[in-house]
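Report on one structure; see the data block that follows.
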Amino acid sequence: MSFPKELERVLEITKAQNVWRRTQTLNLIASENVMSPLAESVYMSDFMSRYAEGKPYKRYYQGTKYTDEIETLAMDLMNEITNSKDCDLRPTSGTIANAAVFRVLAEPGDKALIAPVQAGAHVSHTKFGTLGALGIQHIEMPFDEENINVDVDKAIKMIEEVKPKFVVLGGSLYLFPHPTKELAPHVHAVGAKLVYDAAHVYGLIEGKVWSSPLKEGADIMTVSTHKTFPGPQGGAIFSDGSEVFKQVSRTIFPWFVSNHHLHRLPATAVTAIEMKYFGESYANQITRNSKALAEALAERGFKVIGENLGYTKSHQVAVDVRQFGGGNKIAKLLEDANIIVNKNLLPYDKPENVSDPSGLRIGVQEMTRYGMKESEMEEIAELFKKVIIDKKDINEVKKEVIDMRKNFLEVKYTFDDMKDLEKYSSKSLKLII
């Protein structure tokens, strides 16, 4: 029997996606990454067909003995690389992790302080997302546009006046660390909790190029496991022994998650092991690359945000492209050349301009994992110039992009072969392999 046409089309689309995004494009979306072949090999397993409601060894289903083992191992590994005491991997995304934390910390009608939306706050922090769905009132903290950060003095005054149930730091446009240690004492002084959304920078935290929020006074930290931490899509919650974590952990199931997509667990564990051995070098190269790309773009005439601060300390670069037609137009133009970025609000944009903002948000973490370094950032900046400023033929630039990718198809910062696995032999690795 021949394949049904519908099935053929499904296979064609999947193959086309794999060829396009894995071999022909410069993937510069700040919220994406790529797993290693090793992590992908354990992602596709029987775990994806199974259920395991509840916590390890306290399940509501039978047949979970290996689920309990891999979940416990994965949490232990994540705590080890994070230097934390508590980890819960059941949230299926960073937004679900935020929802669980927010729901425990506040009731409908309560107040929470966040960074301004146009200055990088994630939609889940706002009335348009999770906070709004939970009936929690969000109030934006004062923002220092020059320093691209929360205004510490004004924020302290607001905390003292508003007395919120919690304060959220972290964001989705996130160039420089928010003032955790500066605000934490004042948050706690009014009886509030400090929540740090590290979805974008978790890989930089465990890679030790970004300060640990938990060590600077955050009560709880939420993360995504697929941005600068290059694992499977999912979320996690960490703490350093806080009572808040215990409360949140008790409510993840059944309030926000039933089954928690068990095939994520072995892939997360493998990625944690990779980051244990390669995470610091990976994170360091990410930050070198982002700075190199920012400088190269600025040298070619682009208005890169944060010049007075060195442009960036994260994996991200933000560029104002209003003079070329705005973020929406330019993001689409770059996609035509196989350069994948996203349009983004900049700190001086109005929230209602979200569909056509001033800026582009660029992330270097995925192409760094494919082995690109500072010299390639120069090449990428030149490709941007050819498309946006020089207005070169898009198809010609697209060919250059495809040729460039031919040399960067192999995932780095992982174990290359079984000899590497033997070299770094450990009890944890033997359990996975």
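Every residue gets a Cβ built from N, Cα and C, even glycine.
Copied from Swiss-Prot, the annotated features are:
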BINDING   A121, H122, V123, E243  (6S)-5,6,7,8-tetrahydrofolate binding site
SITE      H226  site 'Plays an important role in substrate specificity'
MOD_RES   K227  N6-(pyridoxal phosphate)lysine
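Structural mapping of features recorded in Swiss-Prot.
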{"residue": "A121", "record": "(6S)-5,6,7,8-tetrahydrofolate binding site", "Cβ neighbours (10 Å)": "27"}
{"residue": "H122", "record": "(6S)-5,6,7,8-tetrahydrofolate binding site", "Cβ neighbours (10 Å)": "26"}
{"residue": "V123", "record": "(6S)-5,6,7,8-tetrahydrofolate binding site", "Cβ neighbours (10 Å)": "15"}
{"residue": "H226", "record": "site 'Plays an important role in substrate specificity'", "Cβ neighbours (10 Å)": "26"}
{"residue": "K227", "record": "N6-(pyridoxal phosphate)lysine", "Cβ neighbours (10 Å)": "27"}
{"residue": "E243", "record": "(6S)-5,6,7,8-tetrahydrofolate binding site", "Cβ neighbours (10 Å)": "10"}
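K227 (N6-(pyridoxal phosphate)lysine) sits 28 Å from E243 ((6S)-5,6,7,8-tetrahydrofolate binding site), counting Cα to Cα. H122 ((6S)-5,6,7,8-tetrahydrofolate binding site) sits 16 Å from H226 (site 'Plays an important role in substrate specificity'), taking the CA atoms of both as reference points. Residues A121, H122, V123, E243, recorded as binding (6S)-5,6,7,8-tetrahydrofolate, reach a greatest CA to CA spacing of 26 Å. Cα spacing between V123 ((6S)-5,6,7,8-tetrahydrofolate binding site) and H226 (site 'Plays an important role in substrate specificity'): 18 Å, rounded to the nearest whole number. Looking at A121 ((6S)-5,6,7,8-tetrahydrofolate binding site) and H226 (site 'Plays an important role in substrate specificity'), their Cα atoms lie 18 Å from each other.
Cα of E243 ((6S)-5,6,7,8-tetrahydrofolate binding site) to Cα of H226 (site 'Plays an important role in substrate specificity'): a distance of 27 Å. According to DSSP, E243 ((6S)-5,6,7,8-tetrahydrofolate binding site) is assigned to a helical segment.
Under the DSSP three-state reduction, H226 (site 'Plays an important role in substrate specificity') is assigned to coil, being neither helix nor strand.
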